[in-house]
Structures are given as structure tokens and as C-alpha cells.
Amino acid sequence: MKNEKALVVFSGGQDSTTCLIWAKKEFKEVEAVTFNYGQRHSEELVCASEIANELEVPHHVLDMSLLNQLAPSALTRNEEITEKEGELPSTFVPGRNLLFLSFAGVLAKNIGAMHIVTGVCETDFSGYPDCRDMFVKSFNVTFNLAMDEGYVVHTPLMWLDKEATWKWADEMGMLQYVREKTLTCYNGIRGDGCGTCPSCKLRSKGLTAYLSSKDGGAKL
Ligand code: ZN
């Protein structure tokens with residue numbers, strides 16, 4: 001795949017930044033696409049642009065504000081993010097990944113990229129059905145039928161948990177970079193974030209587990 005081009009679905013968070021770093025090693029040319037859907041924190045877009053710039057990756061920002069017309073969610077409204085046992089989190093926007101992948105696919109065709117990379121993952125599964133492996137495989141087939149071409153959708157994080165994702169960033173020599181530069185916090189704070197939102201908790205739990213296993217210490 002060294003001589004081919006890839007488009008990475010990129011939010012500026014830990015997962016997609018790790019995917020972007022991988023894609024840069026794996027493909028000859030890489031571009032990134034970020035979706036602007038009126039995120040609660042415009043800091044997310046700033047963060048994504050800065051990382052793409054630093055990694056010297058051409059960066060596309062697509063306006064997806066229509067998502068709010070379809071389904072307003074806690075990701076865009078200014079309300080508390082809740083996660084209840086057995087229910088989808090309040091951040092859930094039905095079909096969001098389906099839409100994002102479709103738009104990324106059309107953009108990929110436009111820029112001549114035959115590979116689409118997305119950081120979706122089943123392991124820290126929050127209940128998003130369109131982030132599951134089976135869906136992505138099905139989307140890949142459908143998209144190829146729609147375009148009459150042989151695109152490949154890559155999901156390198158699909159079976160990795162957060163601890164393994166940190167390990168992978170470390171193996172690529174970019175753990176510190178990912179830790180400091182990315183934004184996954186629901187409260188819009190980069191790096192280690194606010195430390196209390198569900199996203200920060202998941203991220204720090206994985207990091208603590210990885211760092212303690214790396215040091216040979218007991219896992220927390
Ligand atoms: Zn947070």
C-alpha cells in the first residue's frame with residue numbers, strides 16, 4: 001500500500017490521530033477529513049487543524065451542520081452528557097458514522113484515494129451500531145457497488161481497547177504527541193482533559209493501565 005493514497009476520517013481525538021500517524025507510515029499519500037457539525041467545542045476543529053498541519057497532512061473540513069437538523073444530540077447542545085446502564089449514551093446521533101463514511105467516501109473518490117481509514121472501535125463499544133465491524137464491512141461492499149470501484153475501508157482500532165491503542169501509539173514513537181495534542185474530552189480540554197467526563201475516564205484508565213504494564217508494575 002506504500003504507493004497508494006488514503007483518506008483518514010479525523011476528529012483530532014486520540015483514536016483518529018493514532019490512525020492518522022499509522023496511515024502516514026502505511027501509505028504514500030495521506031489526506032484527512034474532519035466533520036464540522038457544530039461540536040460543543042470549536043476547539044475540536046482547531047485541534048484537528050493543528051495536528052493535520054503539524055503532521056503535514058492536507059486537511060478537509062466538511063460542513064455537516066445539517067446533522068443538527070436531523071437529530072440534535074448532547075454533543076452539540078449545551079447539556080450534561082449522561083451514560084446510563086443499558087442505554088445508548090446521550091451523545092448518540094443515529095446513523096452518524098454511516099453519514100460520515102459516505103461523505104468521506106465521496107471525498108476519497110474526488111481526491112483519488114482508494115483507501116479510507118476510520119478509528120471506529122467495537123472494544124470500547126458504547127452502543128453505536130454503525131461503528132461495529134459488521135457494519136463497516138457491509139458499508140465497504142455497498143460503497144464499492146455505488147462507485148463501481150474497489151475501495152478499502154480500514155479500521156485498525158476495531159479490536160483494540162484504549163490500553164492497546166496507547167501501546168500502539170507508543171510503538172510508533174508518538175505516545176507523548178498523542179497524549180499532549182489530542183482532544184477527546186467532552187469539556188473541550190486538550191491532553192489529559194478534565195479528568196471527570198466519561199471520555200476522559202476511559203482515556204485515562206487505558207493510559208494508566210498501559211503505563212503501569214509497561215513499567216512492569218501492577219495494573220490498576
Ligand atoms: Zn473530560
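We count from 1, first residue shown onward.
Backbone N, Cα and C define each Cβ position, glycine as well.
Because TrEMBL annotations are produced automatically, they should be read as predictions rather than curated entries.
Database features (TrEMBL):
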type	residues	note
BINDING	Phe10, Ser11, Gly12, Gly13, Gln14, Asp15, Ser16, Thr17, Thr18, Cys19, Leu20	ATP binding site
BINDING	Cys185, Cys194, Cys197, Cys200	Zn(2+) binding site
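All protein chains considered, the CB of Cys194 (Zn(2+) binding site) has 13 other CB atoms within 10 Å. Separation of the C-alpha atoms of Cys200 (Zn(2+) binding site) and Phe10 (ATP binding site): 18 Å, rounded to the nearest whole number. Taking the Cβ of Cys200 (Zn(2+) binding site) as centre and 10 Å as the limit, one finds 18 other Cβ atoms among all the protein chains shown. With a cut-off of 6 Å between Cβ and the nearest atom of ligand 1, the binding-site residues Gln14, Cys194, Cys200 reduce to Cys194, Cys200.
Taking the mean position of the Cβ atoms of Cys185, Cys194, Cys197, Cys200 as the Zn(2+) site, the remaining residues of that chain whose Cβ falls within 8 Å of it are Thr184, Tyr186, Asn187, Ile189, Gly193, Gly195, Thr196, Pro198, Ser199, Lys201.
Local packing around the Cβ, expressed as the count of other Cβ atoms within 10 angstroms, is greatest for Leu20 among the binding-site residues Leu20, Cys185, Cys197.
Less than 8 angstroms from the CB of Thr18 (ATP binding site) sit Gly119, Leu157, Thr165, Trp168, Ala169, Met172, Met174, Val178, each of them six or more residues away in the same chain. Listed in chain order, the residues near the ATP site other than Phe10, Ser11, Gly12, Gly13, Gln14, Asp15, Ser16, Thr17, Thr18, Cys19, Leu20 are Val8, Ile51, Gly119, Thr182, each with its Cβ within 8 Å of the site Cβ centroid. When Cβ atoms from all protein chains are considered, those within 10 Å of Gly12 (ATP binding site) total 25, not counting its own. In the three-state DSSP classification, Cys185 (Zn(2+) binding site) falls within coil. Rounded to a whole number, the distance between the Cα atoms of Cys185 (Zn(2+) binding site) and Ser16 (ATP binding site) is 14 Å. Ranked by CA distance from Gly12 (ATP binding site), the binding-site residues Cys185, Cys194, Cys197 have Cys185 at the top as the closest.
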